[in-house]
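Undergrad: So TrEMBL has the following annotated:
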BINDING   Q204, R206, A302  sulfate binding site
BINDING   Q204, T205, R206, N207, G298, R299, D300, H301, M340  ATP binding site
ACT_SITE  T205  active site
ACT_SITE  R206  active site
ACT_SITE  N207  active site
SITE      H210  site 'Transition state stabilizer'
SITE      H213  site 'Transition state stabilizer'
SITE      F337  site 'Induces change in substrate recognition on ATP binding'
DOMAIN    402-558  domain 'APS kinase'
REGION    402-581  region 'Required for oligomerization'
Amino acid sequence: MANTPHGGILKDLLVRDAPLHSSLVEEARELKDIFLTERQLCDLELILNGGFSPLEGFMNEADYLSVRDTLRLVAVNGQRQGSLFPMPITLDVSQDDISRLSLKEGVRIALRDPRDDAALAILTVSDIYKPDKSAEATQVLGADDIAHPAAAYLHNQVKEFYVGGKVQAISAPTHYDYVPLRYSPAELRAHFHKLAWRKVVAFQTRNPMHRAHRELTVRAARQRRANVLIHPVVGLTKPGDVDHYTRVRAYQALMPSYPEGMAHLALLPLAMRMAGPREAVWHAIIRKNFGATHFIVGRDHAGPGKNSQGKDFYGPYDAQELVTQFKDELQIEMVPFQAMTYLPGTDEYQPVDEVPKGTPTADISGTELRKRLRTGAAIPDWFSYTGVVKVLRDSYPPRPQQGFTILLTGYHNSGKETIARALQVTLQQQGSRSVSLLLGEELRGDLNPAIDRAITPEQKHINLQRIGFVASELSKAGAAVIAAPVAPYEKSRQAIRKIVVGQGGGNFFLVHVATPLEWCEKVDRRGLYKRARNGEVKNLTGVDDIYEAPEDADLVCDLRNDTVPEVVHSIIMLLEGQSLI
């Protein structure tokens, strides 16, 4: 039978509040709203379906401080000590939100899905408090170091106040991807019961799985006469991870390799914190709520990598040690992750610590795998499965098939648009991919004498972010994108880089057309600079708005000294050096 939920009762708020559904829907229509962030949306879904049992809402200050400092909720109903729960689950708001929504104790507020505005729950405010973010990072993550992605998120994106309170469930978030693979804890427990699975080993992952992972999970299941739950995270993971769409397709390609009836794939909408030891305990509690009896804890489980001093945030076995410390309370058996290695002589995988000294072994690191995907080099069958490799190659094609964005920045009339058009023709001549030109001048209508309204610096920044989004979408589709706005601000150029590289996984190159302002103004046949100095055009870069010269350009040119063909040739050489053409 499935494991007992954490705290003894599965807090499935959707089932609990189903009789009140109609009245809650009507009430939500009249309430003020909080539109949730992606992390808050993930957290709320697992509060509503019982994945975070025994929680029934977002933590009040007393629970928050207790969890932060002791890994426990506040004791209730005569408990000797509070329930083990290692991760703060909080709803952050700004001072403006508090004022605009009139938030105070007792106020009821609708929590809405930002994707479709659907009301998911009603929260009754119990308190509003201001967290010490540095203390939270130090206690929960082990260090207040922005090299940790959760610390960076805490300081840069989390708002200054937390709102505590229990919630009443209206509806779970609607998902349109991989719907058959999404189970609530109650649904997964019912599935285990239907199949008469008495022991279930849960495997947590945020990465694609290969043969070593399959061998590890099969070995763990056979040793315990159990079945396997592949339970990957499809919420927020570590920045730079493989997107969940690709990963789920890879998991689906892997599943037929398991013995018939041994394994099941289900998706977990969790927003990870990459908190190492605490995260491992949290993951164990969540899998216990989903019905698992065993949980695999890996080496450096949920570790974020290196800190600001270049050292690992956590020790390799810190997570396993903390889970072991709480094993009696957790009531889910930890299965230590065994590093597996391939033995070419016998064509099999074995745990590293069981391989006799001197036996030939073979492994492919994550870095080597990414290199082979990038270059199109062969990935051997002993490492992964044909279907998994195909999924990864489709999502991460070799460099010559990848899209890229070239951002040319410089003053108006610096020659950047001329270079952009010439580069477009050159790339189109090669015919290897589609080429898109985004001139995107932030001046827009200001070249028209009838339009004299000013474009503010903030409007320029927003327009440049839009260019970055369009460039990212085109790059993801394999296009060559040439963008040539003025892009005067460092923050705007970095935003474009982040959007292209981060969201699209694309290749980004910055070209600074450093033709000086005096020359740009001297050869200005359209008289734009003259009109700006006469006050007819406002916020023109170089006249009454600044230009922050980039210090990280991949190429710098000056059309006083460089010809357009020379610059285009240099850009082509830059692309060839990265195997993109």
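The chain as shown is numbered from 1 upward.
Just so it is clear, glycine is given a Cβ too, placed from its N, Cα and C backbone atoms.
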Undergrad: For H213 (site 'Transition state stabilizer'), identify the closest of the recorded positions N207, G298, A302, M340, judging by Cα separation.
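TA: Result for H213 (site 'Transition state stabilizer'): the nearest of the recorded positions is M340.
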Undergrad: Note the mean pLDDT of the region 'Required for oligomerization' (402-581), expressed as a whole number.
TA: 86
Undergrad: As a test of the contact definition, list every same-chain residue at least 6 positions from D300 (ATP binding site) whose Cβ is closer than 8 Å to its Cβ.
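TA: The answer is G276, D312, Y314, G315, P316, D318, A319.
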Undergrad: Please identify, among the recorded positions Q204, G298, A302, F337, M340, the one with the smallest Cα-Cα distance to H210 (site 'Transition state stabilizer').
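TA: Out of the listed candidates, the nearest Cα belongs to M340.
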Undergrad: For R206 (sulfate binding site) and F337 (site 'Induces change in substrate recognition on ATP binding'), what Cα-Cα distance in Å is obtained after rounding to a whole number?
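TA: It is 15 Å, counting Cα to Cα.
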Undergrad: Taking each of the binding-site residues A302, M340 in turn and counting other Cβ atoms within 10 Å of its Cβ, which one has the fewest?
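TA: The binding-site residues A302, M340 were compared, and M340 has the fewest Cβ atoms within 10 Å.
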Undergrad: Quick one: of the recorded positions Q204, T205, N207, G298, A302, which has its CA closest to the CA of F337 (site 'Induces change in substrate recognition on ATP binding')?
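TA: Checked the recorded positions Q204, T205, N207, G298, A302; minimum Cα distance to F337 (site 'Induces change in substrate recognition on ATP binding') goes to G298.
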Undergrad: Near G298 (ATP binding site), how many other Cβ atoms are within 10 Å of its Cβ?
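TA: For G298 (ATP binding site), the 10 Å Cβ neighbour count is 20.
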Undergrad: Including all protein chains shown, what's the count of other C-beta atoms within 10 A of the C-beta of T205 (active site)?
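TA: I get 18 for this one.
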